[in-house]
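Feature annotations, reproduced from Swiss-Prot:
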type: BINDING; residues: 3-17; note: FAD binding site
């Protein structure tokens, strides 16, 4: 089939690679002059299937209200004039029940675990360099209440057979020796030895090169105008004077999929949740993390690359605003300085922001849309890289009419009615 993929982030590029590998003729359209220059550019650097969990969790509405009053809050809201913001938040809060959380987390873990399997096969086949590490990830708890609350997540991990280690403070230092330098700040942790880390930007660039070898055509600086329908079916993409005919169109536009598809009558529940990161040069390897640690209090991840440290996190609801907020810089700097004060040079940090495409229930949209010929691969939130390989393979199998390795139940737009 002739397939057009919209979007050159990690999800779009990985989808294009799988589709080309399956024998399809693929064209990828991207408005920037290269791949992974927006949301995939400087994310937290983790592939964490075990931590695949919705932001919509029991207790979040009350926590969110408290966070609004905190200086280093992990979640903030900047009201906009767009009524979609309020509708999205109400839908998110409606998913904060224990029953909804269990269903949503189960769906996310199913896709994320499958994605890790796909990632391993992909890595073995291609041998690409993205500063990857397979040393697990460690969630850090600063209070006993946080440690006790992790039992709910452990139940889901056990249900899906995800290996884990529940650690005390000494165990955390054993997993991440540099934490011994700040002894007394951590009461325990949850380690997932199967999780991975790496640079998503480097990965996406390498995957784009591999996709080109398979014949994928990349069209950059291409501002997409509309999807053309014929008798109710998506048949082409228009971009200025160019028209790209397609048997199937994959929308992997991240947060921008919502507005782009609205003229077609599709109401995607995908909202841009703004995240921030710092990337600083590592100056002392022994004082730096070995892999990724996640500070549960501030919802900040700290990831070790070869010679750099990436600090990422925060969730800000402020629409499509890409302005850099210095307060978020200060929070990220505070967290890395608190846990790894001698690891990197914060004075030389690169400050970045991106918009994560988030659904109210946390589960992405992977599969067919109500319009024949139009397929969705968006809404992955903070887990775009974690789920990219699995989402790409699953979507490829669905488009190709092949048997799928996992069920797509609950992963499509159909769950929203």
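Using the three backbone atoms N, Cα and C, a Cβ is placed for every residue, glycine included.
Of all the binding-site residues listed (3, 13), 3 has the fewest other CB atoms within 10 A of its CB. Residue 17 (FAD binding site) is surrounded by 29 other CB atoms, counting those within 10 A of its CB over all protein chains shown. The C-beta environment of residue 15 (FAD binding site), restricted to residues of the same chain at least 6 apart in sequence and closer than 8 Å, consists of 5, 250, 252, 377, 391, 392, 395, 396.
In sequence order, 35, 36, 38, 39, 40, 204, 252, 254, 384 are the residues near residue 9 (FAD binding site), counting only same-chain partners six or more apart with C-beta under 8 A. Around the Cβ of residue 7 (FAD binding site), the same chain contributes 28, 29, 30, 251, 252, 253, 254, each under 8 angstroms and 6 or more positions distant in sequence.
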